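Asker: If you scroll down you'll find the structure; I have some questions about it.
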Ligand SMILES: C[S@@+](CC[C@H](N)C(=O)[O-])C[C@H]1O[C@@H](n2cnc3c(N)ncnc32)[C@H](O)[C@@H]1O
């Protein structure tokens, strides 16, 4: 019979499985969590496993540099000893776990293997009193890609953002909500770590959690004046905004389990929408509609603060694959729109291929569509529309107020 693992070890084992899924198999933490954390009973152990994995991913280049400085021959990237050391060091240096507890809970991960090596390297680094640099280094490939697109200042801002966990942004269903900073009407910003279910209005569904940048696309369709299709809708932050603004919404998503979350969100907030499990690259409405929102699936590199896995697993081939899907979505969903109707295209990506280049190609292939320029009064102070009329939100935006996600948003009008 297997001996039960010492307390604290299952959470570290799960963190190792999560990191393996992200770094070796290119999965998102969200995708990997279901399978990887299924065997962990306690909620706080699951939360700890995710927190450890996230801190390793935030600091990976710096953790690896420390490990390399204490080994005579570099450990392979995928060596179990390297994973174990990353986990032990991230706990001690980023999460404040005492060194003896950090290493004691990690050594069982390398039982029957390089235990001595892991213990030795950890001991050497502890005695040196090492710390992690602030801000953390970004992976070289990501830093180079962003520097080529946006310049070194944006890369430096991204590194600062990586070190600063985001505040809590709420989108209000109506006018009332908890007290907080109001960057736009119907928005509240609260300090990071605010306990969500304790806030007034949660049970009544008076608001939902959504980054200020993510709330801009649906706002740009304005008050509901007819029917709108939300082409990539789940879990429903933007569907709820459209419904609350008075649109008769049809919400489509390819993934049934994600639409279930949208249903739960609609139920909590008392809002309504027709929902369709379907592929927006082939679905069609019965008749042309007044508004279309495409919050397209993307590389998600703009949400690296919340999902630090993206800076490690997103690579040019994946960006091109997402851009290809977006191309199809835009080309097809544009056909749903009435003449004179408006369409918003958005991605939470920091890649031009999923934003500026996508829109330029769409406009040159669809002469009946034009950019409907976004006005400054539709945006929070501190975020300005680009001269082309679209909105590009980069790391560094709203930095003094706690930052926001990276986004690209364009609004089109179809010629009448
Ligand atoms: C960026 S997320 C949408 C977030 C959502 N708009 C919100 O505000 O909560 C993109 C969504 O597109 C869905 N999706 C991916 N491919 C799709 C397709 N071909 N047709 C419809 N939905 C798709 C994904 O399942 C995912 O839920």
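Each residue, glycine too, has its Cβ placed from N, Cα and C.
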Asker: Record says 232, 233, 234, 235, 236, 237, 238, 253, 279 bind S-adenosyl-L-methionine. Source is TrEMBL. Which of 290, 295 does it list for that same site?
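Answerer: Candidate in the recorded S-adenosyl-L-methionine site: 295.
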Asker: DSSP three-state call for residue 238 (S-adenosyl-L-methionine binding site): helix, strand or coil?
Answerer: helix
Asker: Please list, in sequence order, the residues in the chain of residue 238 (S-adenosyl-L-methionine binding site) that are at least six apart in sequence and whose C-beta is under 8 Å away from its C-beta.
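Answerer: When sequence neighbours closer than 6 are ignored, residue 238 (S-adenosyl-L-methionine binding site) has 214, 217, 218, 230, 293, 295 within Cβ distance under 8 Å.
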Asker: Could you list the residues of the same chain, at least six apart in sequence, whose Cβ is under 8 A from the Cβ of residue 279 (S-adenosyl-L-methionine binding site)?
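Answerer: Residue 279 (S-adenosyl-L-methionine binding site) has long-range Cβ partners 254.
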Asker: Would you identify the secondary structure of residue 232 (S-adenosyl-L-methionine binding site) according to DSSP, in three states?
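Answerer: Its secondary structure by DSSP: coil.
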Asker: Given residue 234 (S-adenosyl-L-methionine binding site) and residue 348 (active site, nucleophile), what distance in Å do their CA atoms have, once rounded to a whole number?
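Answerer: Taking the Cα atoms only, residue 234 (S-adenosyl-L-methionine binding site) lies 14 Å from residue 348 (active site, nucleophile).
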